[in-house]
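Below: one structure, written as structure tokens.
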Ligand SMILES: Nc1ncnc2c1ncn2[C@@H]1O[C@H](COP(=O)(O)OP(=O)(O)O)[C@@H](O)[C@H]1O
Ligand SMILES: CC(=O)OP(=O)(O)O
Ligand SMILES: [Mg+2]
């Protein structure tokens with residue numbers, strides 16, 4: 001079965017086409033700057049040369065059409081016709097309390113994802129645009145959705161409730177949900193396999209740090225606690241998101257600056273984090289370059305990022321009464337040796353010791369960066385959310401045949 005996996009962002013769309021007979025990737029790519037002038041489609045067909053095309057792509061429907069054209073293109077394509085795609089899997093960030101696993105898309109499922117727009121304003125609306133566009137361009141092809149929140153549905157009440165009036169949970173489902181669950185589940189399982197130890201016996205802290213970032217305390221293979229909350233704004237400092245702050249900051253600033261709800265939301269989601277403190281960029285590569293050049297703003301941004309991340313690791317070691325494994329993953333976790341080094345350098349009280357040379361090795365494979373003496377295994381595990389979504393899609397479509 002050939003499965004197309006789609007991860008729709010507000011102005012981007014990432015895709016991968018899998019052949020599930022051997023889980024090989026036939027092609028992958030990214031459409032960026034949807035809705036802006038000069039959108040970019042970068043297409044990487046396996047075994048052929050990659051292509052980049054600049055054109056005007058105003059919405060997700062056009063983006064999907066362009067992707068399908070590229071997949072079937074005589075020169076750059078990897079399939080003869082669209083009819084070869086037998087299923088589509090989509091990433092959806094927020095599934096609320098309704099979903100603890102992936103499901104086939106129905107009208108009810110789409111309504112539920114729409115109902116949750118408020119809770120993931122950056123992520124759920126583009127996901128529905130992606131689903132609708134795929135339905136339009138591939139009528140009759142089954143669609144499956146995989147939720148970032150699903151893995152975290154195992155959190156206990158004491159972990160997921162906020163200490164605010166309970167009526168808000170009853171009326172509006174205000175609670176912690178988490179995100180990046182597909183990734184946290186995948187890297188924690190891969191870590192146990194890599195170490196050849198049963199996951200049931202392990203306390204693992206998974207650090208998914210990319211543009212968005214979250215940590216999960218994975219106890220016995222289940223999500224015990226995670227740093228994102230009602231929305232993907234809680235927790236770590238991120239590229240453009242603030243992460244944790246005193247909730248009074250919100251009302252105080254709204255009052256002083258006369259900001260509306262949408263303005264304050266935009267400030268905290270799009271104009272905070274690394275971008276706000278450095279004043280230059282949300283990209284960790286620029287931040288570390290600036291720090292190495294002695295720029296004070298980039299240095300402060302890095303120090304705040306590292307400090308907040310390290311505090312979360314400490315708190316999850318406390319939450320689980322110990323930690324056996326720390327996993328780094330996603331764009332920053334997989335690629336930034338300096339972030340890993342600085343975080344681990346100050347975890348001596350947990351018995352963490354990393355090998356600085358091993359830490360610098362670049363590889364696309366799971367690897368250990370801790371020393372044999374370290375009391376905690378420290379691993380770098382490349383995440384693969386798309387593969388998990390492709391597997392779920394394949395399984396669910398076969399079950400529903
Ligand atoms: N070589 C690198 N060194 C440091 N940071 C990197 C490197 N490569 C990528 N990144 C960081 O990874 C981030 C993107 O991570 P990714 O997991 O792809 O995010 P998302 O899925 O949210 O788009 C970028 O913002 C960048 O800061
Ligand atoms: C939920 C979330 O933050 O996703 P991303 O990292 O893709 O922005
Ligand atoms: Mg991501």
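Note that Cβ sites are derived from N, Cα and C of the backbone, with glycine treated the same way.
Automatic, uncurated: that is what TrEMBL annotation is.
Quick caveat, the model's predicted, so the values are computed rather than measured.
Pulled from TrEMBL, these are the features on record:
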ACT_SITE  148  active site, proton donor/acceptor
BINDING   7, 385  Mg(2+) binding site
BINDING   14, 208, 209, 210, 211, 212, 283, 284, 285, 331, 332, 333, 334, 335  ATP binding site
BINDING   91  substrate binding site
SITE      180  site 'Transition state stabilizer'
SITE      241  site 'Transition state stabilizer'
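Locations of recorded TrEMBL features on the structure.
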residue	record	DSSP (3 states)
7	Mg(2+) binding site	strand
14	ATP binding site	strand
148	active site, proton donor/acceptor	coil
180	site 'Transition state stabilizer'	coil
209	ATP binding site	strand
283	ATP binding site	coil
332	ATP binding site	helix
385	Mg(2+) binding site	helix
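Measuring Cα to Cα from residue 91 (substrate binding site), none of the binding-site residues 211, 285, 332 fall within 10 Å. Taking the Cβ of residue 7 (Mg(2+) binding site) as centre and 10 Å as the limit, one finds 23 other Cβ atoms among all the protein chains shown.
Neighbour count (other Cβ atoms within 10 Å of the Cβ, all protein chains): 19 for residue 14 (ATP binding site). With a cut-off of 6 Å between Cβ and the nearest atom of ligand 2, the recorded positions 211, 241, 283, 334 reduce to 211. The candidate set comprises the recorded positions 91, 241. Of these, 241 has the most other Cβ atoms within 10 Å. The recorded positions close to residue 385 (Mg(2+) binding site), defined as a CA atom within 10 A of its CA, are 180 out of 180, 209, 283, 334. Each of the recorded positions 148, 283, 334, 385 was assessed for Cβ neighbours inside 10 Å, and the highest tally belongs to 148.
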